[in-house]
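J.: Take a look at the following structure, please.
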Amino acid sequence: MYSWKSKFKFGKSKEEKEAKHSGFFHSSKKEEQQNNQATAGEHDASITRSSLDRKGTINPSNSSVVPVRVSYDASSSTSTVRDSNGGNSENTNSSQNLDETANIGSTGTPNDATSSSGMMTIKVYNGDDFILPFPITSSEQILNKLLASGVPPPHKEISKEVDALIAQLSRVQIKNQGPADEDLISSESAAKFIPSTIMLPGSSTLNPLLYFTIEFDNTVATIEAEYGTIAKPGFNKISTFDVTRKLPYLKIDVFARIPSILLPSKTWQQEMGLQDEKLQTIFDKINSNQDIHLDSFHLPINLSFDSAASIRLYNHHWITLDNGLGKINISIDYKPSRNKPLSIDDFDLLKVIGKGSFGKVMQVRKKDTQKVYALKAIRKSYIVSKSEVTHTLAERTVLARVDCPFIVPLKFSFQSPEKLYFVLAFINGGELFYHLQKEGRFDLSRARFYTAELLCALDNLHKLDVVYRDLKPENILLDYQGHIALCDFGLCKLNMKDDDKTDTFCGTPEYLAPELLLGLGYTKAVDWWTLGVLLYEMLTGLPPYYDEDVPKMYKKILQEPLVFPDGFDRDAKDLLIGLLSRDPTRRLGYNGADEIRNHPFFSQLSWKRLLMKGYIPPYKPAVSNSMDTSNFDEEFTREKPIDSVVDEYLSESVQKQFGGWTYVGNEQLGSSMVQGRSIR
């Protein structure tokens, strides 16, 4: 468990920051650096950093309101559907070309971005032909007990179902497999004798051994099997998604929780694992009680139309997964919304996950779709008093425009006479900084994976003429599967063309680029410097020019040579030399992100596959489900979630500054002022 308190220091007064968050700095209090004037802090005897051992972010002004660094993830809300008469319609499989079917652009957007928002309802009926990628034990005693704990289909007696399966088991062909010549049930037959859901003795709780996730716009629903076997699971579930961006596909991932007692002997696992690295990874996860990823699929959806009526996109459609390990029967309906204004009353408040002088952040559930989000409430009077209206509106603008799977998306924004509200995807895998602190450093493949996803996120911002300016592990979240989610856009600079320069002194001391320290003005290339610093820190545990004394650290950034530990990867070293060039015009990425993409360090990556989240992340955060709040400080989560009443009058001229705040999936809605009611 780690503290998230430091994430909520932004937007607080200077006195609050010093009193409550002095631990965020190195041992002693460090003043924020302004206008290129650095003040020396006291030394700490230890150079090992913790989550409280970090230089503070340098804001453009003392009163900057920077978005709260919250962890969000997707909801897994589903309801039961009993319309399970799955008819056979056309089958979709991995041979379909998504580029042709769904009109995927380089950023994953559909061609028509102007159609209205709405709700997409997915009905999941059943699965078929699922197999496991490995054989299992042939022990009848183990399999009989497992079958007896399984859940039968509706209206069928469990004893008859178990007897039928046990009878089949007695006739199944046992094969001598592997170097150990072990008697095993083949992978093709194994799934027929493992229940998809079990009920432990003395318990009425269902424990699914097979489930899959449906992801749309960083919101995730978890669909768990209710009955049947892994080969033929029954689901009968409904899940509804809010559609605010017309993305061209759904991402489906299938997972299994296989009891380790079903695996072949340790000797067999070791010998076969030496021959097949992927198989060894599967065995390692099962033996560590982790879920294994079986298969995936990207289902094309066409939401680019103008219609006020509900439309069925798929009707009892069979989806064959990419690797052919099974298929799923679904229907999908889309219903355009009426673009009615939202209010806080449209959400159930679940938990407080952060607080500050600006207001609070809560985990909420949208009442109509039952999807879980993070809602950030900001008091208007606070940001007016801090002269931060422009920055806050800019933050909302960036969040509404970004279109990248590795950036936390804005789902909605709305306002009342007293407050502004952000509704964002809820991502709960924790800060990258926490995971880096816990492990010290990452291996090469893990660091490469995170760097590649961040490269896509920064490139997406640059294409929108936005400079991020504050890349660091604290501003990077992991979703429940382990993908990157970039957050905190309070220091972004908008309307920055390729050759434009700005000279605002802001960022985080360890990550400041030389041109920023010299006050020469900087371009988008400043983000590639910070990407290099982050990659170096992930591989070594510390930023390249780190020093306890801030002025000394700045001097190192400007003058000291880049040093690498012994045995450092050659391609990683060459990439870092390019990214950490002190001359921004010679820095890798100065002429565009493709310069970085084409570097040998990423030669084994398919960028198209990466953008579609087609790679299995190297690490999956330890969260029980997509609503898990264990990565948030209990000081917040224990508090009763309420939207506190604010009795603060703001004049009409002040209220007009917040015009255009509302976002429900398009930018056509203006801002209507209705006293005492929710404001659009």
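Numbers run from 1 along the shown chain.
Yeah, the Cβs are placed from backbone N, Cα and C, and that goes for glycine too.
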J.: If I look at Swiss-Prot, which residue among T57, T114, T629 would I find recorded as phosphothreonine?
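T.: My reading of Swiss-Prot gives T57.
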J.: Have a look at S170, S189, S260, S304 and find the one that Swiss-Prot tags as phosphoserine.
T.: S170
J.: From S71, S296, S307, pick the one Swiss-Prot annotates as phosphoserine?
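T.: Per Swiss-Prot, the residue annotated as phosphoserine is S71.
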J.: Where Swiss-Prot marks phosphoserine, which residue is it, choosing among S63, S331, S337, S671?
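T.: The candidate carrying the phosphoserine note in Swiss-Prot is S671.
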J.: Taking only the Cα atoms, work out how far T504 (phosphothreonine) lies from I353 (ATP binding site), in Å, as a whole number.
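T.: T504 (phosphothreonine) and I353 (ATP binding site) have their Cα atoms 31 Å apart.
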J.: What's the CA to CA span in angstrom from I353 (ATP binding site) over to T502 (phosphothreonine)?
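T.: Cα-Cα distance, I353 (ATP binding site) to T502 (phosphothreonine): 35 Å.
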J.: Please identify, from the recorded positions G359, T504, the residue with the sparsest Cβ neighbourhood, meaning fewest other Cβ atoms within 10 angstroms.
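T.: T504, out of the recorded positions G359, T504, has the fewest neighbouring Cβ atoms within 10 Å.
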J.: Round to a whole number and give the Cα-to-Cα distance in Å for the pair T502 (phosphothreonine) and G359 (ATP binding site).
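T.: Counting only the Cα atoms, the answer is 31 Å.
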